[in-house]
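The domain 'Serine hydroxymethyltransferase-like' feature in TrEMBL is assigned to 28-131, 164-435. Under the heading (6S)-5,6,7,8-tetrahydrofolate binding site, TrEMBL lists L171, G175, H176, L177. The site 'Plays an important role in substrate specificity' annotation in TrEMBL covers H282. Annotated N6-(pyridoxal phosphate)lysine per TrEMBL: K283, in sequence order.
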Amino acid sequence: MTSSAPAPGTECADTASTAYRAALQVIESVEPRIAAATRKELADQRDSLKLIASENYASPAVLLTMGSWLSDKYAEGTVGHRFYAGCQNVDTVESVAAEHARELFGAPYAYVQPHSGIDANLVAYWAILASRVEAPSLAEAGARHVNDLSEKDWEELRHKLGNQRLLGMSLDAGGHLTHGFRPNISGKMFSQHSYGTDPDSGLLDYDAVAAAAREFKPLILVAGYSAYPRRINFATMREIADEVGATLMVDMAHFAGLVAGKVFTGNDDPVPHAHVTTTTTHKSLRGPRGGLVLAQQEYADAVDKGCPMVLGGPLPHVMAAKAVALAEARQPAFRVYAQRIAENAKALADGFLRRGARLVTGGTDNHIVLLDVTSFGLTGRQAESALLEAGVVTNRNSIPADPNGAWYTSGIRFGTPALTTRGFGVAEFDRVAELVVDVLTNTQPEGSSKARYRLADGTAERVRAAAAELLAANPLYPGLAL
Ligand code: PLP
C-alpha cells in the first residue's frame, strides 16, 4: 500500500469481518445462492483491476449502515413534515445527511432523498419547471395550488410544462443520457439541443456553447458529463446561462469527490455558480448508491418537493449511509484521496501517451482518461472484451464523431477513483498503462466483425499475473475475512 491515507475500513476490519460473517450466515439460511453471489462479488472485486470511472469501493461503515431496519420505515414528505407517523428517527437521519452535504459543498440547501443520479436530475428538472413555469402560471391565474386551476388553465399549464427547452453536452462529447436524450425521459420532457467539443482539440468551446444558447434560448443549461476528461469553467457557464435567462444546472455525478476533496475549487467548483447542482453519491464521492441535489435558496422550496413530485418514499437506510459517507468526505484524509485521484489520472494518461497511445483531448485534468482505441486498429467493444479477458475491467465509450457508433464505439473510458481507494499511486498507474497497452497491442480484430477479436497466446496470463501482484500489494478491504 503506497497511500498516505489508510483505505477505508482498515481500522475496523475485525469488527466488519465478524459482522459480515454473521450476516452471510443468516442470509445463507434463507437463500444460499444470494449469500454465495455476495461472497463471490467480493472475491471478483478483489481480483480485478477495476478501472470503471463511475465505480468505487464504499467503506465498511457505509456498507454496514445500509443493512438495517431503517429500510422498513415509510417517510414520504420531508424533515418535520411527513405523511406517515413515527418518522422521528428518519428525520434525524435525513437532517444529519443534509447538514453534512450543505457543509461539505458549501451549499445553502441540500436534498438527500433521490435514490440515484437519474432521480436527482428528475427532481432538479421538475423543481426548475415548477419555479419557472408552474409558479408564474399559478400567480397569473390567481391560484395557490395546481388543484385550484380550472380544467382549461390546467391543460394550458400541462402543455407549457411539456414545451420547454434544454441545452446540454452531446453524448459523444461526454454528456449523459439524462441531459435530454430521447431514450431517457428527459428527452421526452424537453426539446433538447446539444453543444459539443472542438473537433481539433476535443475541448469544450465556450464560444460555441454561448452561440448555441443565444440561438436556442434554453430554459435550462446543463453542464456536467460522464466521459469528458477535463474540467469545466462553471463561472463561464453561469455567465452564458445568465445572458440568455437560463437556469444553470450542473450534474457533478462523476466528479463530486473532486469537489468534496477541494481538488476542484474556484471556477472548477460548480456549487457556488450553479442554481442547482445534482450528483450521485456512489462514484468519486465513495458513498452508497444514490443521489442528492444542492440548490441556491431560490430553488430550495421546489427541490424540497421532490417527493411527491417525482419520488415516492425515501430510502432511510441509504440516506443514513449517505450521512456516513459525507461525514467521511469531510475528513482531511478524503482531501488526500481526492488529490491522489487526479494525480493518478495524470500518471495513467502520461503512461498511455509515452507508449504512443492517443487520448481524447490529449490528456486529463480530472479522474477520467479516454483512450481512442482506433490507434490500435480496434473498436471499443473489442478492446473492452480483450481487457476483460486479461482481468482489466473498463467500459467502452463513444469518442467525439465516433466512426463506430454508440454500440461498438471507438474509445475505452478509464477512471482512477476505485484503484486509488485501494492505495494505487502514480507508479502503479503507470504500470496499469503498460499492461493495458500490452493487451491492446496483442489484440487483433477477427475478420470484419466489430466485436470479435483474438488475443495473442499468453497475453491474458501475463497481464493477469502482473495485475495480481499490484492487487496483492494494495488489498481491497484489508483484513476483512469472510
Ligand atoms: N449523471 C451522470 C453525469 C452520470 O454519469 C450518471 C451515471 O452514470 C447519472 C447521472 C445517473 O446515475 P444513476 O446511475 O445513479 O441513476
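Along the chain as shown, residues are numbered 1 onward.
Every residue gets a Cβ built from N, Cα and C, even glycine.
TrEMBL annotations: computationally assigned, not manually curated.
Where TrEMBL records a feature, it is marked here on the structure.
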residue: L171; record: (6S)-5,6,7,8-tetrahydrofolate binding site; CB count, 10 Å: 22
residue: G175; record: (6S)-5,6,7,8-tetrahydrofolate binding site; CB count, 10 Å: 24
residue: H176; record: (6S)-5,6,7,8-tetrahydrofolate binding site; CB count, 10 Å: 23
residue: L177; record: (6S)-5,6,7,8-tetrahydrofolate binding site; CB count, 10 Å: 16
residue: H282; record: site 'Plays an important role in substrate specificity'; CB count, 10 Å: 25
residue: K283; record: N6-(pyridoxal phosphate)lysine; CB count, 10 Å: 26
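Across the domain 'Serine hydroxymethyltransferase-like' (28-131), DSSP assigns 62 helix, 9 strand, 33 coil. Looking at G175 ((6S)-5,6,7,8-tetrahydrofolate binding site) and H282 (site 'Plays an important role in substrate specificity'), their Cα atoms lie 18 Å from each other. Ranked by Cα separation from K283 (N6-(pyridoxal phosphate)lysine), the binding-site residues L171, H176, L177 are led by H176.
Across the structure, H282 (site 'Plays an important role in substrate specificity') and L177 ((6S)-5,6,7,8-tetrahydrofolate binding site) are spaced 18 Å apart at their Cα atoms. Residues H176, taken from the recorded positions L171, G175, H176, H282, K283, are distinguished by a CB atom under 6 angstroms from ligand 1.
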